[in-house]
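Taken verbatim from TrEMBL:
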TRANSMEM  12-39  transmembrane segment
DOMAIN    30-283  domain 'G-protein coupled receptors family 1 profile'
TRANSMEM  51-76  transmembrane segment
TRANSMEM  96-113  transmembrane segment
TRANSMEM  133-153  transmembrane segment
TRANSMEM  181-204  transmembrane segment
TRANSMEM  225-243  transmembrane segment
TRANSMEM  263-286  transmembrane segment
Amino acid sequence: LNMSTPPLSPRYYITVPIIYSVICAVGLTGNTAVIYVILKAPKMKTVTNIFILNLAIADELFTLVLPINIADYLLLQWPFGEFMCKLIISIDQYNTFSSIYFLTVMSIDRYLIVAATTKSRKVSYRTYRAAKIVSLCVWSLVTVIILPFTVFAKIHKEQGRSQCVFVFPHPESVWWKGSRIYTLILGFVIPVSTICTLYTTMLCRLRQVQLNCNAKALDKAKKKVTLMVIVILAVCLFCWTPFHLSTVVALIMDIPQTPLVIGISYFITCLSYANSCFNPFLYAFLDDSFRRSFRKLMDRRTPS
């Protein structure tokens, strides 16, 4: 048996739902705006924005079901049945994997652009259609990765209360550790190692190559997009690294459930959830094109 949240403590009974509610409200508003702008504004139809659109869809899905998590928390039991249990846990796992996988794809995209620019070439296969196909492949891969979690998500009755948890076969502790290692490797180690390798290689390449006039086509616009991707990545790692580090700690030692440990557990969970509402602010702050497109669309909707 694997509980995804720490034991309930009265001091967090009000605080945690309030934080979840803020994340839900901000995330829904921000990601809806991002999806709307990218789908409606002609100038936003770029390869990078296709990946950003998919990031926003993943975050939107998660924030849409967050009220159910809040209800579960406040009711102290799961009243929604096994189908909803499997659905909510699946969406929660999509949230864990999809962001870092789309950021890995965006990092590969940035690497290809920098590599091509330093050689004064164009990336001919970098098209809007190709980006859609790649996005579909990422969703398919993540769906396969999260299938085991969907299978093991079940209703477990404890002290007369229904709980939506992972119910593993015997020996449960071995399966529990296996699930944490699985998430750690596929959801953090492999994608983050890939991203670090790409950016390290990219920096080395830029230092070694004496850019000629044409290669200085790594112009302001490309630099801005690359900076935006790096900042989005940094924020994602900031939000998710404590979650994965806590997995490592849980695997190597038994931690007593003291009030401090429970508080840290809630903080880490809230921080990982908060990643779903940060990205829209990053786009608004770092992307001039997004701001202009958003203003134009709002002006059209405002009656004169």
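A Cβ is built for glycine as well, from the same backbone N, Cα and C atoms used for every other residue.
In this chain, the transmembrane segment (181-204) lies apart from the transmembrane segment (51-76): fewer than three C-beta pairs between them fall below 8 angstroms, excluding pairs fewer than 6 positions apart.
Sequence-remote contacts of a segment are chain residues at least 6 beyond its ends whose Cβ falls under 8 Å from one of its Cβ atoms, and for the transmembrane segment (133-153) they are 50-51, 54, 85-86, 89-90, 93-94, 97-98, 101-102, 105, 164-168, 175, 179, 182, 186-187. Counting only same-chain residues 6+ beyond the ends of the transmembrane segment (12-39), those with a CB under 8 A from a CB of the stretch are 45, 49, 52-53, 56-57, 59-60, 62-64, 66-67, 69-70, 73-74, 262-263, 266, 270, 273-274, 276-277, 279-281, 283, 290, 293-294, 297. If you look at the transmembrane segment (51-76), the same-chain residues 6 or more away from its ends with a CB under 8 A from one of its CBs are 5, 8, 13, 16-17, 20-21, 23-24, 27-28, 31-32, 34-35, 38-39, 84, 87-88, 91-92, 94-95, 98-99, 102-103, 105-106, 109, 131, 134-135, 138-139, 161, 164, 232, 273, 275-277, 279-280, 283.
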